[in-house]
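To keep things clear, I will list the structure first and then write my remarks on it.
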Amino acid sequence: MKIDILTLFPEMFAPLEHSIVGKAKEKGLLDIHYHNFRDYAEKARHVDDEPYGGGQGMLLRAQPIFDTIEQIEVKKPRIILLDPAGKPFTQAYAEELALEEELIFICGHYEGYDERIKTLVTDEISLGDFVLTGGELAAMTIVDATVRLIPQVLGKESSHQDDSFSSGLLEYPQYTRPYDYRGMTVPDVLMSGHHERIRLWRLEESLRKTYLRRPDLLERYDFSEEERKLLDKIKEALG
């Protein structure tokens, strides 16, 4: 995968040189470049200007963004604008982006964008109902969530399949050594070696956590008969 990021602050992306994204680069599975679009700005390197019609703040000008993208050597990229008014980012969205060969991210600052920038864009993405100072943190989040889904990036192809949201449910609780820590013990079922009982316990715990913390996810979840019975059992136990 090739990723190009347009930003006024390339140095903010240093964390992507580490952990999973850094390993993806080392394996040759990811090629990532940062472009300071101030370098392409006309008018004394100004990237922002006052909005026509008046209003608060400054807007990102179209010219630096257009010129930066036009010099990037790509074929058919997904061009992503980070915008609080965009489509909410989800695990399913990350899975979709992980299938792409080329991604371009536009990280804004200031009050907003000249609307004409959006003629370049294929996707407008938001992390949620809040506003960040710029698009850099959002871009890093999306890159991390996407790159880890590229085949061969994680140690095992199944490593991400049990993650929260990948199945549509929140992930079940997990434990490691020691068995007893300060009086808190590992559930006996996980020590039993009985694979079917462990599977059912994990499924029930996933359903329980999702029901208690994110019931909205269950509204669009496609239940199997087994899952429906387990959820009914959970609801009855909780009263």
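A Cβ is built for glycine as well, from the same backbone N, Cα and C atoms used for every other residue.
Quick look at what Swiss-Prot lists:
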BINDING   Gly108, Leu127, Gly128, Asp129, Phe130, Val131, Leu132  S-adenosyl-L-methionine binding site
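Of all the binding-site residues listed here (Leu127, Val131, Leu132), it is Val131 whose C-beta has the fewest other C-beta atoms within 10 angstroms.
The Cβ of Gly128 (S-adenosyl-L-methionine binding site) has Pro88 as same-chain neighbours under 8 Å, each 6 or more residues away in sequence. A 10 Å cutoff on Cβ-Cβ distances gives Phe130 (S-adenosyl-L-methionine binding site) a total of 7 other Cβ atoms nearby, all chains included. The sparsest Cβ neighbourhood within 10 Å, among the listed binding-site residues (Gly108, Asp129), is found at Asp129.
Our reading of the S-adenosyl-L-methionine binding annotation (Gly108, Leu127, Gly128, Asp129, Phe130, Val131, Leu132) yields a largest Cα to Cα distance of 17 angstrom.
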